[in-house]
Amino acid sequence: MIEEENENLAPEQDETIPAEPTAETESAETEELESEPQPSFDDFKLNKQLLNAIAELGFEKPTPVQTQTIPLALAGHDVMGIAQTGTGKTAAYVLPLLMKVKYAQGHHPRALILAPTRELVLQIEENIQKFSAYLDVRIVGIFGGVGPKSQIERIQAGVDILVATPGRLMDIYRKGELILKELKTLVLDEADKMMDMGFMPQIRQLLEIIPRKRQNLLFSATMHERVHTLSEEFLEFPMVIEVTPQATPVTTVSQKLYRVPNLRTKIGLLEHLFHDKEAFNRVLIFTRSKTNADNVSSFLDRKGEGGVRVVHGNKGQNTRINAVEAFREGEVRYLVATDVAARGIDISGVSHVINFDVPIIYEDYVHRIGRTGRAEQTGASITFANEAEIYHIRRIEKLIKMQIPEDPLPEEVEVFKTPYEEQQEIDKEIDNQKKRANPEFKGAFHEKKSLPPRENIGKGAKTRDRKKAGWKKTKSGGASKRKSR
Ligand code: AMP
């Protein structure tokens, strides 16, 4: 599903959706739309290689922290960013950094990113790898808890961007194995956490030994007094940007969660819910990808009474305006949208918001469900989550500081077996989540997918023996490694 999504989420020039149109006249609204386009990655002065990587990652539009940070960092300013994990802050500093570092050069690091934990170091390293898919840049991550030997070897082989925990960085520096005189950029990520963990002495030592003339970027989830003091010590005329996640869902919106194993069952659940035409009279349905948006809308077109329109980046601006208008006027009962549309749509009297997929930018959850329950009206939001999406639900719950009540799937809803490819995507996603939590986790998905040694299959076996490798045939003919719930 993710691959499908990536294919379909190529950024576009124009992703504008009406931002709370006044609806005085149609032409006034169109003018407003045209004069206030939402920022797109193309608006930044990023090179083709980076834009291609961004498109492949499926990022449709920059997040607020990216919109604010990227131009400032590209212009060479020091930046102090107050932003939490989940806001897209990594890309906000990595993209401008890659514009600066661009290609492998010399031997010693030209950029240093400090992070409090090994998990974050690995995550940042992984992010940089993805964004630099079309660049020739050497990235090395170093952290404690493992012997330094292989890390030193990697450094000696040449490095452009070094990602490090402060303790390990200073250890290796003191051994004389690291030259920092080429540094042009220093990033402190999760600065508040580094201070909480007692890394201040190492950071101070570091500031003594690196070149004074450099660009500094500091990110912190909070603006504590101590962070402020640190910023005064180490930033020069910083531009301060702050993104506070909108973490409080509107209280008039009820929330509900269903665990739904796969796409087909999700469609079945939609069909079941929409039998209640009276209650579900004006429904906004959010999907993660354009493909899912199209799938849901063509299903509703066939099955749902009351008409459906779809808005996403592949639709022309006029089509989108007309779709939203038809929904607003009550000409159609369903509007299917990707998150591009989420922030702009203000339509009163929306009975339900359905999260057909869980948003991976967690703030979007709040934005999505905020489309209902507006103007003192009560509204309802219902979220469908497969096994992999539950991970994101738990994080959304942390953000909104409440648990989303879960209901069992209604008995009338048929649970379909998950097709082979979809199950693979789900397993892959779960593996990635586990790897993020524990970098030593090797990945169950990988083990199951790989061939057992030939002798285990039997002499002379020429083809993959999925059965012996632990795969089960499903009724539909695909292989599934787990029973649908
Ligand atoms: P971060 O706050 O940097 O940890 O990022 C949180 C998540 O958002 C990561 O999974 C990123 O891959 C994802 N992300 C970052 N920027 C964007 C974007 N512009 N569009 C969609 N997803 C993004």
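Counting begins at 1 with the first residue displayed.
Cβ coordinates come from backbone N, Cα and C, glycine included.
Feature annotations, courtesy of TrEMBL:
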- 1-17: compositional bias 'Acidic residues' (COMPBIAS)
- 1-42: region 'Disordered' (REGION)
- 26-35: compositional bias 'Acidic residues' (COMPBIAS)
- 39-67: domain 'DEAD-box RNA helicase Q' (DOMAIN)
- 39-67: motif 'Q motif' (MOTIF)
- 70-241: domain 'Helicase ATP-binding' (DOMAIN)
- 269-417: domain 'Helicase C-terminal' (DOMAIN)
- 418-485: region 'Disordered' (REGION)
- 425-452: compositional bias 'Basic and acidic residues' (COMPBIAS)
- 464-485: compositional bias 'Basic residues' (COMPBIAS)
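Residues belonging to the domain 'Helicase ATP-binding' (70-241) score a mean pLDDT of 92 in the model.
In terms of DSSP secondary structure, the motif 'Q motif' (39-67) contains 17 helix, 0 strand, 12 coil.
DSSP places the residues of the domain 'Helicase C-terminal' (269-417) in helix, strand and coil in these numbers: 55 helix, 25 strand, 69 coil.
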